[in-house]
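Some notes on the structure that comes next.
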Amino acid sequence: MKRVFLLIATNLAILLVASIVMSILGVNTSTMGGLLVFAAIFGFGGSFISLAISKWMAKKTMGCEVIVQPRDETERWLVDTVTRQAKQAGINMPEVAIYQSPEMNAFATGPSKNNALVAVSTGLLYGMTRDEIEGVLAHEVSHVANGDMVTLTLIQGVVNTFVIFAARVVAGIIDNFVSSNDEEGQGLGMFAYMGVVFVLDMLFGILASIIVAYFSRIREFKADEGAARLAGKDKMIAALERLRAGPESGAMPAQMSAFGINGKRSMADFMMSHPPLEKRIAALKNS
């Protein structure tokens, strides 16, 4: 409920500030409410649809094979470990799956903390010790228990709304300026206006990605802390040390990558969904 109130308050604040700025700049604000509704529908619509089908998409895109009946001792241990950690975290048992990939990675997804999926790669399952795997599983279970999927969906919805809303407001200001300085008062024209909106969508979209990445990194530190409580600090540190010693993670769909144990490196830390492994290890050692 707190997230919903935060969501409403954030969008109302966006509308209020935009309306004040538009009034100062002399832009007609009579359609601001309609524009915000339009932006929110599209901004949140895509995010919530993506969240609703996240488990289905993960299974299809990653080729996840859900363990219904363990076929061997390794799968039995995997299911038992997640079962124990889920009980410790106070959530319903997530589905447990394995996907074929040589790289060591894992992810959690799902529309809610009581309707989730935890998946591990074959590279991780057979390339790590059980203590290290236990640390990884605890990290993913912590993502689920913390409600990170819903939290980041709300954040993504807010920034999507901002991008759609702000791009069209700024384009309107530009159109108004051009119109006021044009003898014919025609403004930008439809195609030029659409071009300006497109460019602004891209620019604001980059800013939005930085904001989402910032919150994602915070959630990663929180998931590491949760993993230390569920499995023990030493196991979580050992898992991160093993990941640091291994090759960089390859491509993974963005929604799964955001909740993976290990993210891809970027040209700049502020664009990364995951903090550098060195910082995560240091944070655990100093906690």
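Backbone N, Cα and C atoms are what each Cβ position is placed from, and that goes for glycine too.
What you are looking at is a predicted structure, and each value in this text was computed from that prediction instead of being measured.
Some features that Swiss-Prot has for this protein:
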TRANSMEM  4-24  transmembrane segment
TRANSMEM  33-53  transmembrane segment
BINDING   HIS139, HIS143, GLU220  Zn(2+) binding site
ACT_SITE  GLU140  active site
TRANSMEM  154-174  transmembrane segment
TRANSMEM  195-215  transmembrane segment
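On the structure: features taken from Swiss-Prot.
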| residue | record | Cβ neighbours (10 Å) |
| --- | --- | --- |
| HIS139 | Zn(2+) binding site | 31 |
| GLU140 | active site | 28 |
| HIS143 | Zn(2+) binding site | 30 |
| GLU220 | Zn(2+) binding site | 27 |
Take the C-alpha atoms of GLU220 (Zn(2+) binding site) and GLU140 (active site) and report the distance between them in angstrom, rounded. 10
